[in-house]
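Novice: Annotations for this protein, taken from Swiss-Prot, read as follows:
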- Val17, Asp38, Lys43, Tyr69, Val122, Ser123, Asn124, Thr147: NAD(+) binding site (BINDING)
- Arg92, Asn124, Pro125, Val126, Asp127, Asp152, Thr153, Ser154, Arg155, Thr234: substrate binding site (BINDING)
- His179: active site, proton acceptor (ACT_SITE)
Amino acid sequence: MVTMNRNKVVIVGTGQVGATAAFGIVTHGLCNELVLIDCSAAKALGEARDLDDGSEFQDRHVKVRAGDYADCKDADIVVITVGRKPPANSNRMAELGFTVGLVGEVVDNVMASGFDGVIVMVSNPVDVMAWYAWKRSGLPRTQVLGTGTALDTSRLKTIIGEETGLDPRNVGGFVMGEHGDSQFTAWSTVSLGGKPFARFLADNQDRFASVSTTEIEEKTRTRGNEIVAAKGGTNFGIASTVAGIVQTILWDERRIVPVSTLLDGEYGEHDVFLGVPTELRANGANEIVELDLSEDERAKLHHSAELVREHCEGLL
């Protein structure tokens, strides 16, 4: 992989998610240069100018401009957000037929520029699209990843915070598998204040007798659909997730994030992208952290892998 000054990010797709992700990157001053690409050049230009107009009030100036695929050549990260708003209560896999053509065209154009950075896939179904982008791009496995279950994990922590009244940042643990209906909460990994969550509830029955892990997991799974039904789409949560992943990679933070990455023997799976805890570094998905899951959790992970793999068949 080419060694670069970690300072340039390209976002392809300036809809709600792409534009909000750009706003997060700019407000946090994550890079020196941010380039926006869209099928509508006017839309990309408008978003870039709107973002740049607030530069006086940012902690760090980020140069924002509209561009084209040639700008990907020396980019450190390309974020792909192309797609359309899903209807309420829809399965993310239902977007596959529409999205795959868009993603294929984007990946081809990105690679034609000479790009050798990290692709961060956001487009749904994200696990399938990350696998497709990896296969189509020819990049090493570390350099293609999806947002995976990072947002779902954040939702889990938020909901546990709502149920207990405690700061969600006290919660540890992961949602794993597909970013979709077959995702699962790996309860064996969940802790609150360093104490296993099941034990925390048992030790505080007088306060949290009404807290149900089954209900928490279902709320986590359906949270996205509820937001879509209420406001027509999701953008803030996923955009914050994207900004966090971008920061972790650009700044080589070595954070462990449940992104969608290629399993090649880990958890007994091969040739499939799933949301699993992964150490993120400047080179992308540096190393998968293989957790000691329960037998039930492993079965759920394998089930999720089967579903994702089925939808990958025939795409190439």
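The backbone N, Cα and C atoms fix where each Cβ goes, glycine too.
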Novice: Spatial neighbours of Thr147 (NAD(+) binding site) among the recorded positions Asp127, Thr153, Arg155, His179, defined as Cα within 10 A: which are they?
Specialist: Asp127, His179
Novice: Going by C-alpha positions, which of the recorded positions (Thr153, Arg155, His179) is nearest Val122 (NAD(+) binding site)?
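Specialist: Closest by Cα: His179.
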Novice: Starting from each candidate's C-beta and looking 10 angstroms out, tell me which of the binding-site residues Asp38, Asp127 has the most other C-beta atoms.
Specialist: Asp127
Novice: Provide, as an integer number of angstrom, the distance between the C-alpha atoms of Asp38 (NAD(+) binding site) and the residue listed as 'active site, proton acceptor'.
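Specialist: Pair distance, Cα basis, whole Å: 25 Å.
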Novice: State the three-class DSSP label for the residue listed as 'active site, proton acceptor', counting H, G and I as helix, E and B as strand, and everything else as coil.
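Specialist: It is coil.
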Novice: If H, G and I count as helix, E and B as strand, and all else as coil, what does DSSP give for Arg155 (substrate binding site)?
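Specialist: Note: Arg155 (substrate binding site) is helical by DSSP.
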Novice: List nothing but the one residue from Ser123, Thr153 whose Cβ has the fewest other Cβ atoms within 10 Å; the candidates are the binding-site residues.
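Specialist: Output over binding-site residues Ser123, Thr153: least Cβ neighbours within 10 Å is Thr153.
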Novice: Quick check on the recorded positions: of Lys43, Arg155, His179, whose CB has the lowest count of neighbouring CB atoms inside 10 Å?
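Specialist: Output over recorded positions Lys43, Arg155, His179: least Cβ neighbours within 10 Å is Lys43.
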Novice: So which recorded positions are near Asp127 (substrate binding site), with CA atoms within 10 Å, out of Val17, Lys43, Tyr69, His179?
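Specialist: The recorded positions close to Asp127 (substrate binding site) (Cα within 10 Å), listed in sequence order, are His179.
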Novice: Just checking the binding-site residues Val17, Lys43, Tyr69: which sit within 10 A of Pro125 (substrate binding site), CA to CA?
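Specialist: So the list is empty; none.
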Novice: Please report the DSSP secondary structure of Lys43 (NAD(+) binding site), reduced to three states.
Specialist: helix
Novice: Going by C-alpha distance, which of the recorded positions Thr153, Arg155, His179 is nearest to Tyr69 (NAD(+) binding site)?
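Specialist: When the Cα distances are compared, His179 comes out closest.
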